[in-house]
Structures are given as structure tokens and as C-alpha cells.
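Trainee: Below: one structure in C-alpha cells.
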Amino acid sequence: MPLVSMKEMLIDAKENGYAVGQYNINNLEFTQAILEASQEENAPVILGVSEGAARYMSGFYTIVKMVEGLMHDLNITIPVAIHLDHGSSFEKCKEAIDAGFTSVMIDASHSPFEENVATTKKVVEYAHEKGVSVEAELGTVGGQEDDVVADGIIYADPKECQELVEKTGIDALAPALGSVHGPYKGEPKLGFKEMEEIGLSTGLPLVLHGGTGIPTKDIQKAIPFGTAKINVNTENQIASAKAVRDVLNNDKEVYDPRKYLGPAREAIKETVKGKIKEFGTSNRAK
């Protein structure tokens, strides 16, 4: 099956009361694990790629070809989107699209509102010509993800969200509502009232960044309010790092990378399977 945009995935998720996971890839093993877990659960999946991860893996083109090769060799038949996570500029989004990405996020949330609108609209116009879906952000998601650092959380304004959607034609909206990138310090406090208002006023699938560490009860509460995409990265990184440490701590003679990266891959796979079940994505592939 060829790579697809995430637009139809998210519309179906919103209409049918589940969420599609975006699982960020950092190397070959992450990609194998996420694809295999999704295929075994018959779940559509979004492979997230930050600009930092893209640099680490040599570039957008390399990533697209790696994913396409794995889909062929692993006989992946579920819908798969490759999504640029936190694209920093129109130029970066264009570069990803031209390399074969099927979805992009333009994150101009740090800019003044009118500038955010203008940049986002420019990305949408280019992306939609190529059949590529676009996600945008309003407010500030706290924490750090690669080069994206935010000291605090600034909640999205529901009226600005509606205006951004109307003026740009985006396919999905990531309003900052209390989630953070990386591990949480204490219990997360999501703005469900704002989430419901934004979901109703925009009619768009909403995106929840910083999905690691959000309690299942909050995930289940967010989905009926329009959350159709949930991003996960830290949880997979923690699981894979623990698996590597366990192998190396148990046997100081190990040097073959397959001996420790294999268990890391399995740890990611099991983590993703758990998230797929939690988000209600199992058997939703079409």
C-alpha cells in the first residue's frame, strides 16, 4: 500500500470516536517496531519525524525511501502517513513534501497570530496541491522536543483557533491545552473545557502533543471532544533505552549492536501496541 495523507485517517477517527497515534521515528529500529506493531493490530499509523531526527537519519529523502522499503519487505498493508513534526518554516515543510512526505505540521505558534496565519496559509496552499495534509499549532506546548523548547504552557485561545482554521484551510489543529513534550512533573492538567469549545467551533480533528504520561482516563475524555491524533515519542524512547541498558548491564561482553538494538525494538513494539489499544485504533485500518 502506498503512503497516504493523514486527512482521511483523522476524519474517520473523529467520526468514530478513536484516535490515531503519531509515533516518532528516530532510526531504523523505531520504524520497524512501529510498522510491525501497527500491522499486527491492523491500525492506521502516522510516523512522526522531527527536523532533528531527519538530520540524524541523513535527510527527508532517506527517511521516505527507508519507510517505503520497510513497507515492501514487511508486507505492510495498513494506511501509513509520514508526517513532519514541528516544521519550523515554509521552506522546511516544502523540503519534506518534495521528498515524499505525505503530511506536515507547520509550527508558527511562536510568531504573532497574523504571521502564524500567513505562514500556515502558504504551507497549506503548497501542500494541498500535492495532496499532502497540514497540521498547525496555536498556543505553547511546554517542555522540549529536539530543537523546540518552551519554558511554559500558553493555552490556545478558542476564538483564534476558529479564525486560524477559517483563514488557512488546515486539516488538523494542535491547540496547546496543558500537555508537554517529555516527562511530566506531576499530573498533567488538560483544558477539557477549551478542548470541547475548540472542537465544536472548528469542526476539525484536534491533535494532542506530549501524549506520554497522560493518564488513560484523560485520553478517553479527550477523544469525544474531537482529539483524533495523539503524539507519542518519549515513552518509546524510555522503553528502548531501558532495554539497551538491561542487555549491557547483564552482559559486559556484548558488542554486537543487534544484541541490544533487537530488544530495544521489541520494547518499542510492545509500547506502541499498548498505545494503539489505549487510543482505540486496533482494527481501524481501511
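Cβ coordinates come from backbone N, Cα and C, glycine included.
I grabbed these lines from Swiss-Prot:
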{"type": "ACT_SITE", "residues": "Asp85", "note": "active site, proton donor"}
{"type": "BINDING", "residues": "Ser50", "note": "D-glyceraldehyde 3-phosphate binding site"}
{"type": "BINDING", "residues": "His86, His181, His209", "note": "Zn(2+) 1 binding site"}
{"type": "BINDING", "residues": "Asp107, Glu137", "note": "Zn(2+) 2 binding site"}
{"type": "BINDING", "residues": "Gly182, Gly210, Gly211, Thr212, Asn231, Val232, Asn233, Thr234", "note": "dihydroxyacetone phosphate binding site"}
Trainee: Checking the contact step here: among the binding-site residues His209, Gly210, Gly211, Asn231, which have a Cα within 10 Å of the Cα of Asp107 (Zn(2+) 2 binding site)?
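Mentor: Within 10 Å of Asp107 (Zn(2+) 2 binding site): none of them.
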Trainee: Which of Thr212, Asn233, Thr234 (the binding-site residues) has the most other Cβ atoms within 10 Å?
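Mentor: Ranked by Cβ atoms within 10 Å, first place goes to Asn233.
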Trainee: According to DSSP, which kind of secondary structure is Thr234 (dihydroxyacetone phosphate binding site) found in, if we only use helix, strand and coil?
Mentor: helix
Trainee: Given a 10 Å Cβ-Cβ cut-off, pick out the one of the binding-site residues His86, His209 that has the most other Cβ atoms nearby.
Mentor: His209
Trainee: Roughly how many Å separate the Cα of Thr212 (dihydroxyacetone phosphate binding site) from that of Asp85 (active site, proton donor), to the nearest whole number?
Mentor: 16
Trainee: Expressed to the nearest Å, what is the distance separating Thr234 (dihydroxyacetone phosphate binding site) and Asp85 (active site, proton donor) at their Cα atoms?
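Mentor: Roughly 14 Å, rounded to the nearest whole number.
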Trainee: Could you state the CA-to-CA distance between His209 (Zn(2+) 1 binding site) and Val232 (dihydroxyacetone phosphate binding site) to the nearest Å?
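Mentor: Taking the Cα atoms only, His209 (Zn(2+) 1 binding site) lies 8 Å from Val232 (dihydroxyacetone phosphate binding site).
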Trainee: Take the Cβ of Glu137 (Zn(2+) 2 binding site) and count every other Cβ within 10 Å, whichever protein chain it belongs to.
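Mentor: Neighbour count, Cβ to Cβ under the 10 Å cut-off: 25.
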Trainee: Within 10 Å of the Cβ of the residue listed as 'active site, proton donor', how many other Cβ atoms can you find? Include all protein chains, please.
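Mentor: Its Cβ has 27 other Cβ atoms within 10 Å.
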